[in-house]
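Below is one structure, written out as C-alpha cells, with a few remarks after it.
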Amino acid sequence: MGLPGVIPALVLRGQLLLSVLWLLGPQTSRGLVITPPGPEFVLNISSTFVLTCSGSAPVMWEQMSQVPWQEAAMNQDGTFSSVLTLTNVTGGDTGEYFCVYNNSLGPELSERKRIYIFVPDPTMGFLPMDSEDLFIFVTDVTETTIPCRVTDPQLEVTLHEKKVDIPLHVPYDHQRGFTGTFEDKTYICKTTIGDREVDSDTYYVYSLQVSSINVSVNAVQTVVRQGESITIRCIVMGNDVVNFQWTYPRMKSGRLVEPVTDYLFGVPSRIGSILHIPTAELSDSGTYTCNVSVSVNDHGDEKAINISVIENGYVRLLETLGDVEIAELHRSRTLRVVFEAYPMPSVLWLKDNRTLGDSGAGELVLSTRNMSETRYVSELILVRVKVSEAGYYTMRAFHEDDEVQLSFKLQVNVPVRVLELSESHPANGEQTIRCRGRGMPQPNVTWSTCRDLKRCPRKLSPTPLGNSSKEESQLETNVTFWEEDQEYEVVSTLRLRHVDQPLSVRCMLQNSMGGDSQEVTVVPHSLPFKVVVISAILALVVLTVISLIILIMLWQKKPRYEIRWKVIESVSSDGHEYIYVDPVQLPYDSTWELPRDQLVLGRTLGSGAFGQVVEATAHGLSHSQATMKVAVKMLKSTARSSEKQALMSELKIMSHLGPHLNVVNLLGACTKGGPIYIITEYCRYGDLVDYLHRNKHTFLQRHSNKHCPPSAELYSNALPVGFSLPSHLNLTGESDGGYMDMSKDESIDYVPMLDMKGDIKYADIESPSYMAPYDNYVPSAPERTYRATLINDSPVLSYTDLVGFSYQVANGMDFLASKNCVHRDLAARNVLICEGKLVKICDFGLARDIMRDSNYISKGSTFLPLKWMAPESIFNSLYTTLSDVWSFGILLWEIFTLGGTPYPELPMNDQFYNAIKRGYRMAQPAHASDEIYEIMQKCWEEKFETRPPFSQLVLLLERLLGEGYKKKYQQVDEEFLRSDHPAILRSQARFPGIHSLRSPLDTSSVLYTAVQPNESDNDYIIPLPDPKPDVADEGLPEGSPSLASSTLNEVNTSSTISCDSPLELQEEPQQAEPEAQLEQPQDSGCPGPLAEAEDSFL
C-alpha cells in the first residue's frame, strides 16, 4: 500500500471545496460511521480492502502517527466521507486505524472511530518495533504494556524473562500485548508458527523514581500599574527533570516572552521558571498559566494566576463606621476601618484635627495590616477608655494617586451613679430630699417610696412618686451637660408636704449603661427613742456572733491527740502508697477488761496537753502476785470525743499486737463505767534520755583513763575494784530514776474515782516487795531472798550497755515490723528502762506536753517530731517500717551521744529542711565506734528501699555483742515467755493454739506488703502463719537469741514476771557462784574483773 508523504494539490483543492460546501450547506448531527462496521478484521495476505468513514464534517483516516492514502468526498445528503483503500496487504499493515474529524478544516470535534486489522503473515510472527519502543520506562508500581503484537490473532504468545524458559503468567491482548506490573528486567515474547518457534525483539523495562508533581505559581504583585513590571514564578518541588510551558495574554499578539529557569538545590530540590515582563501594559491583564510535565510518563500539572494591570492607583473603603460610635467607660474599644488600595497607602488617625500616635503607656494603639494583597485593615484601639477620649475622629488613607477619609464622633458612655442623696428639714415643716447624679447618656430619674420599712427592700415594690395633684409632693429636675467631662449631671429635688410616719424614699437613675439607686429613710421631726435602742441591740448581737465564730475557729485549730502507731493493710504496686488499718473498726476483746475496784491510782508519772500517765497498783492481774505496780494511761477530763476514740484505737492495736520482751506490754484496760484507762507495764527507771543523762558521769568516769580502750571493757556483775559510787548516787527502789516528769504542772485534775466506785480511793503506792539488785551495794539494803536472771545488774553505764540498748530496741522494732506496725515516733524519749537494763519501746506522747516540747513542731492540728522523721515522711507524709529505720538511726545517735539532741547545729527552720533535702547527715558521735556509725549511715539512706530492715539491724548489732550478753538476753526472753506475766496469760486465753517457739525472720525480706489472713489466727490484725515446730527448731541457730514474736507457750508457770520484778524460774536448781573471782592485775591502770568476764562488744 502506498502512503505518500505529500498530498497532491488537486486533492487538497477538493478538500477545501468540500469544506466550503460544508460551511454553506445544512448541518446534521450525524456521527462518524465506518463501513464495513466491526471492531477488527482479519485480511488475507496480498489482498485489497476498502474502508469508508463518513461524518457531518470533513473526516480523515489516521494509522498510528501516519496519514494513510485516502480520498475525501462530499455526499449528496450533505455528509462528508473518506475512503481508505488498502492494496496488496502484508503483515506490516496489521494495526489500528482511526477515523477522525479534520480539525484543521472544520470545527473542533473530538469524536473518533477505531478499527483494528490483522494480516496473518507466516514470515512475520511479531510486528516490527522501533528501537525507542523497546525501552519501557515505568514509575512506582503502575501497570505498563510490553507491546508484543502479532499479525495473526490465532497465535498463542508467551512472555519470558530473557534466558529463562519458564513463561510468566501475565494477561495478553493480541492488539496490545502483555499488560501488568514488571520488574527491572529484560523480557522476550515467544510464539509458534507451524513447527517453528518465533521470538520477538528484546524489551528492556526500567523503573524510575518520579515523585508527584507539586506546582505552585505566585506573582510579586497580581495588581500592577501601567509601566510597572510583572514577575511570575512557577516552582516545582522534588522533581529533577520537568518541562515548563507558559500561556499568557501576549501570546495572542505574537509577542513572546522568554522565561528563565532557576535551579534551587537543597532538600527537597526546587526548579523554577520565571516569567518577567519589565513594562506592563493594559493588554497584559489576564490569566497566566504554567504547565509542568514530566517527560518520562507524560504526567503533568498546571496552575494559573490572574494579573490585573490598572492605569492608576486607587483607594476604596469597604467597611466603614457610623457617624457616632459608642465606647463604654473603662472598657477597651476597637475602631476598625477596612479598605482596598494599590499601591499601599499611608494611614493617619486624627482626633479633633490633631494627629494621633501610639501611646507609650499602652493606652492607645494604632495598627494597619494587610488582609490580602490589596485589602487592608486599620485599627485604633483605645485601652480602658477614658472620658477625655470622647470627640471627633478622622481616618485618612492616601498615596500619590488617590485619597480617602472617614470621620465620626466617639461618644463615651459613663455608667450612671448617684453622687448625693440628702435630706433637709426646712422651717416650714416640709421634708426636702435632693438627689444628684451623673452619667452618659443622659440619666432618667425615678422616685419611689415604701412605708413598710421591714418588707420594702425585699418583697414590696416601691410606689412611684411625682408631682401630686393633692399637693402632697412636688418634684423638680434640672439637667446640665458638662462639656469638659462629656457627661450629663441630673439634680432632682423632691419636696414632701407632710410625713407622719417613717418612710423609705428611693432615688433611681438609669440610662443605657445601667442604673444606680440610693435610699433614705424619712422620719417625722421627732425620732422615736426605740430606734436607738434597737440599733444598739443589733450591734451587740453582731459582736457576740463574731466572737463565737472566732472561738469556734480557735477551738478547731487546737491540736488533738492522735495515735502514732499505724498498722499497714496493703501497699501499692510501686511501693509508694500505703493503706493503713482503721483501728476504729477493730473489735475489742473483753478479756483485757479489769474492774475499776481492782485498780488504785497513785502519783503522776508524766502529764501532757492531752492526758497523763499515772502510777497505780493493780490487784489480781497475776496468780503469783496479789498486787502489781503498773502504769495507767488516761485522757484529761476535757478530752474531746475524737481523742477518746484515738485512745481506744491505741488500746485495740496494743491488744492485737501481742506480747514482746522489748515492748511495753498491755496488761489490761478499763473502758466501762468511766474514763478509758490503758494499763501497761511499769518501768521504774524512766525514759532512755533521762537515764543516759543521769548515768552519764559513770560512763565518762569509767572511760576517763585514756589508757583503757573500750575493747578492754569486761562484762561484770560487780563494781570494778577501786571504783566507788558517788555519794549523791542513790540506788534505792523508790528514788532511783522513775519516770521523767514531762510536765512542770503538778496540779493535774484527776477523774474522781469516788464517782465510779464508792469504796475505791486514791492511795499511796507501797514500796514493791522486790528490791533492785543495785541495793546490794547499799549497806542499808535488806537481804535478798531470791536470785533472778538479769541482762546486766551493774550500776555502771558501759559501752556494752549502749550497744545492748540498741540491740534490744532493734529486736522490739523487728517485732512491730513483723506485725506490719509502723511506730512513727521512735526516739529515745519513747524507750523506757526497766530492771536489769532491759529496754522497752512505748509511745507516751499522751503524757508529754508536746505543745511546749521543742522536739515537736506544729503542723496543722498536730505536732510532728521532725528531727526524727525520714525525708519521705517529712515531705511526702509516707510512713513505713523503713521510715522507722531512719528514726532508729537517730535513736542510735542519741544513745552514743549519751542523750544528745539531734541536729544541734541546725535551727528548726528552712535551713533544716534544705539541709535534709541536700543529703546532710550528722557526724559520728564521740562515743560511737566505726561499726556503729556505719549502721547509722545505712539507716539514713536517701531512698528508703535501700535501708536495712530491722531483722538485718538485729544481726548487725548482734555481731557487736559478746556471747555472754546474748545468752543472758535469750535466757531472759525465754523466761518471759514461760512466766505467768499478765500479757502472756491473756494472750494465751485468746490464742490457745499458738506455740511458744519463735521462727527466725528472713533477713532479706522487707515489709512492703500486708500478710494474707490465716483462718487459724483470724483475731490478729494481719496474722502470720503458724510455724511448724520441727522446722523452727532446725532453723534456729545454736547460741543465737530468738527473735521477737508474739507467739506464746501453752505452758503456764506459777511465777509472775513484771518489767521491774526479777524473773523467777519455776524450778531453779541450786546455783553455784556466778563466776570465780579473777585476780586483780597488779599495777594496772584499768579496773580488773571481779566476776564473770564481760564479753567484748568489738
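Cβ coordinates come from backbone N, Cα and C, glycine included.
Quick look at what Swiss-Prot annotates:
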SIGNAL    1-31  signal peptide
TOPO_DOM  32-531  topological domain 'Extracellular'
DOMAIN    33-119  domain 'Ig-like C2-type 1'
DOMAIN    128-209  domain 'Ig-like C2-type 2'
DOMAIN    213-308  domain 'Ig-like C2-type 3'
TRANSMEM  532-552  transmembrane segment
TOPO_DOM  553-1098  topological domain 'Cytoplasmic'
MOD_RES   Tyr561  phosphotyrosine
MOD_RES   Tyr578  phosphotyrosine
MOD_RES   Tyr580  phosphotyrosine
DOMAIN    599-961  domain 'Protein kinase'
MOD_RES   Tyr685  phosphotyrosine
MOD_RES   Tyr715  phosphotyrosine
MOD_RES   Tyr762  phosphotyrosine
MOD_RES   Tyr774  phosphotyrosine
MOD_RES   Tyr856  phosphotyrosine
MOD_RES   Tyr933  phosphotyrosine
MOD_RES   Tyr969  phosphotyrosine
MOD_RES   Tyr1008  phosphotyrosine
MOD_RES   Tyr1020  phosphotyrosine
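When other Cβ atoms within 10 Å of the Cβ of Tyr580 (phosphotyrosine) are tallied across all protein chains shown, the result is 15.
Averaged across the topological domain 'Cytoplasmic' (553-1098), pLDDT in this predicted model comes to 69. Secondary structure at Tyr969 (phosphotyrosine), taken from DSSP and collapsed to helix, strand or coil, is helix. Of the candidate modified residues, Tyr580, Tyr685, Tyr969, the one lying closest to Tyr933 (phosphotyrosine) when CA atoms are compared is Tyr969. Helix, strand and coil counts under DSSP for the domain 'Ig-like C2-type 2' (128-209) come to 4 helix, 40 strand, 38 coil. For the modified residues given as Tyr685, Tyr856, Tyr933, Tyr969, the lowest number of other CB atoms within 10 Å of the residue's CB is seen at Tyr933.
DSSP classifies Tyr580 (phosphotyrosine) as strand under the three-state reduction. Distances between the Cα of Tyr969 (phosphotyrosine) and those of the modified residues Tyr580, Tyr685, Tyr856 are shortest for Tyr685.
Tyr685 (phosphotyrosine) carries neither a helix nor a strand DSSP state and counts as coil. Distance between Cα atoms for Tyr685 (phosphotyrosine) and Tyr856 (phosphotyrosine): 23 Å, as a whole number. A gap of 23 Å separates the Cα atoms of Tyr580 (phosphotyrosine) and Tyr856 (phosphotyrosine). As a summary of secondary structure, the domain 'Ig-like C2-type 3' (213-308) carries 8 helix, 54 strand, 34 coil according to DSSP.
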